[in-house]
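> The 5-phospho-alpha-D-ribose 1-diphosphate binding site annotation in Swiss-Prot covers GLY79, 82-83, THR87, 89-92, 107-115, SER119 and is backed by sequence analysis. Per Swiss-Prot, the feature anthranilate 1 binding site maps to GLY79, ASN110. Annotated Mg(2+) 1 binding site per Swiss-Prot: SER91, GLU225, in sequence order. If you look up Swiss-Prot, you'll see ARG165 marked as anthranilate 2 binding site. Annotation comment: Swiss-Prot describes ASP224, GLU225 as Mg(2+) 2 binding site.
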Amino acid sequence: MNSYLRKLVEGKHLTEEEMYRAGLLLLNENILESEIAAFLVLLKAKGETAEEIYGLVRALREKALPFSNHIQGAMDNCGTGGDGAQTFNISTTSAFVLAGAGVKVAKHGNRAVSSKTGSADLLEELGVNISSTPSEIDYLLEHVGIAFLFAPAMHPALTRIMKIRKELNVPTIFNLIGPLTNPVNLETQFVGIYKRDMLLPVAQVLQKLGRKQALVVNGSGFLDEASLQGENHVVILKDNEIVEMSIDPEKYGFSRVKNEEIRGGNSKENAKITLEVLSGEKSVYRDTVLLNAGLALFANGKTETIEEGIKLAAHSIDSGKALAKLNLLIVASNEKLERVN
């Protein structure tokens, strides 16, 4: 670890292979906590590259719980969090809209870190059992079309690092890589990030991970979701090419809405919002979900255009299919899946 620390002190970038090896050392129980803290702070001060992010992602995925990865066509729409906007659970609500539209959603997530309610907190409030094994997750993806992967359970080697991150109380590379460490072999991905300057590096990492298609968005007001407030900056990965563009919600028929108007609350309050959206109630919450789910359906290749994605998202809700997916996941996740144990 000392050689990597010296490079970082000198402001030099690590190669992908160096970062991979450093990542394995970070997960080694014999390394000193002071070394872990120093590494994370120095890396943050220097600024992370796509190669460094990918190297660490390789190490974390290697040490994650093993999956059979026989499920084809899975997608995740997990964002980084960390924008501090205290919005309702946009991506988790959107996940059921995607599932209702026929996308297999492997939703990677955690409890609240910078918000009041994380995806795990919301799903528990709704009645979903978030404690699923890899074999149970495979079953849910195949038979329900959506499953939740509780990040701490998927990455047990990260327990000590989580403690150190909390003690440091400053953003580190781990604030960026959550969506990139999903242990399921995803084909497509929709990622919201809170740092605009990391749009391209994250897209490059998704390309290295072999995603067929992906879309990375930094919303107006630096939201880690697409926002109705104004211009959204996106990077699209398609046909192994990366294209940068901006998206104005007004172009797609939405009225502009300030981010403050889509704030959430505790798990009970956010569960109420999610159920209202999935039940077809018209609101700014629904419009926000339609924009994000529409972009995700486009990123998945389910539709050829963003406009078609938004229309399909609306149909998923208004037909009752999105809500049906939630109800099915509640039942299936709480069953004793003896057939896969």
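Cβ atoms here come from the backbone N, Cα and C positions, even for glycine.
Map these features onto the structure and tell me what's around them.
ARG111 (5-phospho-alpha-D-ribose 1-diphosphate binding site) carries neither a helix nor a strand DSSP state and counts as coil. Just so you know, the Cβ of ARG111 (5-phospho-alpha-D-ribose 1-diphosphate binding site) picks up 17 other Cβ atoms within 10 Å once every protein chain is counted.
Look at GLU225 (Mg(2+) 1 binding site): DSSP puts it in coil. Taking all protein chains in view, 32 other C-beta atoms sit within 10 angstroms of the C-beta of GLU225 (Mg(2+) 1 binding site).
Sequence-distant neighbours of ARG165 (anthranilate 2 binding site) (same chain, 6+ residues apart, CB-CB distance under 8 A): LEU40, THR172, PHE174. ARG165 (anthranilate 2 binding site) falls within a helix when secondary structure is assigned with DSSP.
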> I'm trying to understand the geometry here, so how far is the Cα atom of GLU225 (Mg(2+) 1 binding site) from the Cα atom of ARG111 (5-phospho-alpha-D-ribose 1-diphosphate binding site), in Å to the nearest whole number?
18
> Per DSSP, to which secondary structure element type does GLY79 (5-phospho-alpha-D-ribose 1-diphosphate binding site) belong, with helix, strand and coil as the options?
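Note: GLY79 (5-phospho-alpha-D-ribose 1-diphosphate binding site) is coil by DSSP, not helix or strand.
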> Just the number: how many Å between the Cα atoms of GLY79 (5-phospho-alpha-D-ribose 1-diphosphate binding site) and ASP224 (Mg(2+) 2 binding site)?
6
> If you compare CA-to-CA distances from ASN110 (anthranilate 1 binding site) to each of the binding-site residues THR87, SER91, ASP224, which comes out shortest?
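Nearest candidate: SER91.
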